[in-house]
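Some notes on the structure that comes next.
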Amino acid sequence: MLNTPRICVVVIGKTLEEFLSQLEAAQTAVDFVELRIDYLEQINPNWVRIIKNHTHKKAILCCRARADGGKFLGTPEAQQEILQAGNDLGFDYLDIDLPVANKISIHEKKAKIIISYHNFLHTPPITELNFLLENMRLFNPDVFKFATKSEQYEDVKTLFKLLINKKNNENMIVLGMGEQGKIIRLLSPLLGGYLTFSSINGAISAPGQIDFKTMQDFYQRFYKISSPLKGED
């Protein structure tokens with residue numbers, strides 16, 4: 001049985017004003033947002049509080065370092081301070097990258113934790129992805145996330161294999177970056193993926209990210225043609 005897709009719109013404004021404007025637009029479209037505060041030109045825990053006060057839907061707080069494909073240039077200690085503030089303020093999810101997961105410890109955890117792996121160069125073989133998954137399990141996250149550059153059919157197969165073979169009690173996000181990866185972004189939430197990400201008003205945070213309206217139209221058409229016809233054999 002196919003799952004109902006959960007779509008999360010990414011917010012990436014550079015100034016606080018632009019960020020809040022994007023957040024408002026995103027919240028009129030979906031019930032789930034990812035707040036990429038590493039895109040802000042300046043950031044401090046007080047801004048995290050202001051953003052939280054304007055957040056009315058389920059939200060993932062993400063402060064991704066430049067080394068992991070994000071924009072944040074601060075230290076892991078600064079990341080910890082920002083994410084801890086997000087936890088204390090009541091954000092639903094915190095996204096922590098696997099390379100820094102052993103350096104960031106959230107105290108009195110309230111938020112759900114997403115452990116992420118990003119590879120902007122290629123999709124590793126399934127054996128390597130499974131090894132990374134075992135490393136992620138050491139942190140006992142609520143959600144596992146894999147996003148890799150997908151340039152050919154074999155990359156798509158590898159990511160689908162990772163998703164389909166996950167444990168039944170595990171939540172996993174699997175994304176392909178690039179043109180070939182778009183099919184994974186569309187189909188993974190139908191096949192057991194926890195959610196998929198989309199953009200709004202052209203604010204794209206990753207290669208191959210699909211506009212929310214385009215994604216919504218796809219799912220509407222998909223369910224229309226896949227629904228069983230009553231009264232017919």
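Any Cβ shown, glycine's included, is placed from N, Cα and C.
According to Swiss-Prot, the protein carries these features:
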BINDING   GLU34, LEU35, ARG36, ARG64, ARG185, SER205, GLN209  3-dehydroquinate binding site
ACT_SITE  HIS118  active site, proton donor/acceptor
ACT_SITE  LYS145  active site, schiff-base intermediate with substrate
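All features noted in Swiss-Prot, drawn onto the structure.
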residue	record	contacts (Cβ under 8 Å, 6+ apart)
LEU35	3-dehydroquinate binding site	VAL11, PHE19, LEU23, ILE51, THR55, ALA59, ILE60, LEU61, CYS62, PHE91
ARG64	3-dehydroquinate binding site	ARG36, ASP38, GLY70, LYS71, PHE72, ASP95, ASP97, SER116, HIS118
LYS145	active site, schiff-base intermediate with substrate	ASP95, ILE114, ILE115, SER116, TYR117, MET172, ILE173, VAL174, LEU175
GLN209	3-dehydroquinate binding site	VAL10, ARG185, PHE197, SER198, SER199
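Sorted by the number of other CB atoms within 10 A, the recorded positions ARG36, HIS118, ARG185 start with HIS118, the lowest. The number of other Cβ atoms within 10 Å of the Cβ belonging to GLU34 (3-dehydroquinate binding site), over all protein chains shown, comes to 22. Mapped onto three states, the DSSP output places ARG185 (3-dehydroquinate binding site) in helix.
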